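Inspection log for the structure reproduced underneath, given as structure tokens.
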Amino acid sequence: MYTLDDIKKEDPEIASAITDEFERQNSHIELIASENWVSPAVMSAMGSILTNKYAEGYPGRRYYGGCECVDEVEELARERAKELFGAEYVNVQPHSGAQANMAVQFAILKPGDTIMGMNLDHGGHLTHGSPVNFSGSYFHVVPYGVNDEGFIDYDKVEEIALECKPKMIIAGASAYARTIDFKRFREIADKVDAVLMVDMAHIAGLVAAGLHPSPIPYAHVTTTTTHKTLRGPRGGMILCSQEMQDKYNFNKAIFPGIQGGPLMHVIAAKAVCFKEALQPEFKEYQKQIVKNAQALCKGLQSRGIKIVSDGTDNHLMLVDLTPFGLTGKSIEKLLDAAHITANKNTIPNDPQKPFVTSGIRLGTPAATSRGLKEDDFDKVAEAIAMIIKEGESAVEPAKAIIKTLTDKYPLAF
């Protein structure tokens, strides 16, 4: 296996950037909800010689010779994913969650078909119908959102569906802190003869551990990323019944539809990730993610910080900065100076532009992987609240709090 020393010999500039990034991650508390730390085994699989192998097609039906070993890798990944989520069909080749979503939409829909997805400003995702994304360009999009309390209004979703008669309803989000009722979504979809697609990218780890209701029994087709709460490599996946695969041929939609050769080193890392997620320790890790999110949320609220929907059921939360007249952009910068990594994020009915925003999104998966517990997250909440309330003058005191945590939980790599 190659090491950083090998990179230093060939490319000292890249080696320096990698070293700097390690130091940044080690000295910061990562609260970006979509980030996590993979295991050494997952990382080793991604850096393996499998990156050398081209393998267009699927196991047993490749367009290249010498694929018997990578066939075994892909079969292991598929079978483990089936066991993990209880799905009949799995495709592990999507390079990303966005490409998994694209493949599903292109397999089922025609240009101009009507789809419903959560408004990006209310917590949805670009690929759920945003006008700046392919999904908003190829299809007629009718968005739904959250009510004044920050919850999905399922009666309103049904009302919109009955009016616009969509071909597809997309459930799932990138910034929604509450449990999603997939059963209710399926009932709505059935009333208008729509396909229900669920994007569980953010909550896949919680679903695998049984801490969030699974979409698999209700969705016609489910997509996900393999990183985030699942703690695997960056990549995507499609899951559904064999009947849905037979009807829409998602295999063909991925290859040759929107991709060429699969990334076999990443698929190997996915297989390792799925095996890790099948272990009892993974469920305990997911439980700690939720406990930590609730501790962070309560810690912020007890210090006068407003949380959208007044709480969280999963791994993330949205902080509403409007009571302080602040922007997500400014607070993200101050938090970074205090060695807290978070991202600015729109809140429902946000008056600010998407690159400015009135909120920040916080998540606990990465810091939980690092080892932080509830008491530690209360200290993180203290540091964040100081920054929001006191501004630049609080950067150094907040940074000192964070240093006690990063010293206590150094990165293992």
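From the backbone N, Cα and C atoms, a Cβ is placed for every residue, glycine too.
A simple way to gauge crowding: the CB of GLY124 ((6S)-5,6,7,8-tetrahydrofolate binding site) has 25 other CB atoms within 10 angstroms, across all the protein chains here. DSSP assigns GLY124 ((6S)-5,6,7,8-tetrahydrofolate binding site) to coil, not to a helix or a strand. Taken from Swiss-Prot, the feature (6S)-5,6,7,8-tetrahydrofolate binding site applies to LEU120, GLY124, HIS125, LEU126, supported by sequence analysis.
The N6-(pyridoxal phosphate)lysine annotation in Swiss-Prot covers LYS228 and is backed by sequence analysis. When secondary structure is read from DSSP and collapsed to three states, LYS228 (N6-(pyridoxal phosphate)lysine) falls in the helix class. Here the Cβ of LYS228 (N6-(pyridoxal phosphate)lysine) has 28 other Cβ atoms within 10 Å, regardless of which shown protein chain they belong to.
Per Swiss-Prot, the feature site 'Plays an important role in substrate specificity' maps to HIS227; the stated evidence is sequence analysis. Remark: HIS227 (site 'Plays an important role in substrate specificity') has SER34, GLU35, ASN36, VAL38, PRO233, ARG234, GLY235 as non-local neighbours, by Cβ distance under 8 Å and separation of at least 6 in sequence.
For the binding-site residues LEU120, LEU126, the greatest number of Cβ atoms within 10 Å around a candidate Cβ is found at LEU120.
For the (6S)-5,6,7,8-tetrahydrofolate site, the Cβ centre of LEU120, GLY124, HIS125, LEU126 serves as reference, and the other residues of the chain with Cβ at most 8 Å from it are GLY117, MET118, ASN119, THR127, HIS128, GLY129, SER130, ASN133, ALA173, SER174. Counting every protein chain shown, the number of other Cβ atoms lying within 10 Å of the Cβ of HIS125 ((6S)-5,6,7,8-tetrahydrofolate binding site) is 23.
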